[in-house]
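These features come from TrEMBL:
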{"type": "REPEAT", "residues": "15-58", "note": "repeat 'WD'"}
{"type": "REPEAT", "residues": "59-106", "note": "repeat 'WD'"}
{"type": "REPEAT", "residues": "107-150", "note": "repeat 'WD'"}
{"type": "REPEAT", "residues": "184-210", "note": "repeat 'WD'"}
{"type": "REPEAT", "residues": "211-259", "note": "repeat 'WD'"}
{"type": "REPEAT", "residues": "277-304", "note": "repeat 'WD'"}
């Protein structure tokens with residue numbers, strides 16, 4: 001329950017080392033240990049040990065700001081390789097083997113900054129999507145290092161992308177090991193400098209929906225989880241914009257269904273939280289969403305009510321604005337696999353990474 005989180009929430013850890021804004025953070029457990037990776041305006045990707053709070057590696061290779069950094073689920077699933085993928089203003093997508101401290105083949109078919117990358121929820125992350133300021137979205141096969149398709153339609157740069165969540169087949173088992181990328185109803189979502197959010201069908205490679213309503217750049221988009229279908233977030237997309245708003249969109253109707261207005265400047269990041277709240281007005285539980293902004297606040301909202309926020313985390317003066325968010329399920333003890341808790345990790349304009357929970 002959300003009430004438990006905010007009643008006991010406090011700053012747990014601060015990671016220092018980046019010399020510029022932190023654009024992206026990701027989390028993974030590798031061989032039983034907990035790690036965070038981060039991409040920054042200082043052109044580096046850094047890996048941090050969550051338990052000790054120490055930086056264990058800094059990866060240098062991009063010639064410009066690193067805009068996104070993520071652990072590759074495909075490499076780890078197939079051969080237990082700890083690999084990080086990163087994208088940059090230098091228009092490249094790089095892969096890095098952490099243990100070997102080795103750079104793998106570079107994807108360099110975009111013609112401008114690669115602003116965001118995301119791995120597929122199916123095929124154990126074999127497919128990757130990238131959004132670029134060259135106005136395109138590309139779909140890649142990580143195994144073959146090939147670009148499978150280029151999605152064209154945005155009238156300006158693509159700042160953020162997401163791939164629809166893992167689906168279930170008729171037997172009630174997940175479809176992660178599906179052999180083909182098409183034919184399963186998976187879609188890509190993209191947000192752009194042209195103020196629109198667009199949905200693309202992966203099987204047909206066609207644009208299926210255009211959401212219009214934001215009045216400025218769309219900075220962040222997220223699909224709702226199928227696991228939360230009973231409390232209001234399935235078949236929805238969450239977005240944050242330079243217009244200061246957080247919006248919720250219904251994929252089935254193609255309509256905007258909620259607007260959350262409380263931030264005073266640009267909303268850089270949005271996330272569906274793992275929390276629920278007892279919604280008295282509807283007599284049921286509801287999911288909680290979260291947004292981070294240049295106004296140096298992280299705000300939590302009831303997904304079904306566009307009223308005042310549920311809770312606000314104020315970043316420290318040293319943060320000077322929130323750029324990215326990630327919910328983590330951390331182990332309380334390095335040796336325990338069962339005893340865990342939910343916390344929130346965020347990156348700031350001043351290069352700090354903090355965890356609260």
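Just so it is clear, glycine is given a Cβ too, placed from its N, Cα and C backbone atoms.
Unlike curated entries, TrEMBL annotations are predicted automatically.
On the 0 to 100 pLDDT scale, the repeat 'WD' (107-150) averages 96 in this prediction. Secondary structure of the repeat 'WD' (211-259) per DSSP, as helix, strand and coil residue counts: 6 helix, 24 strand, 19 coil.
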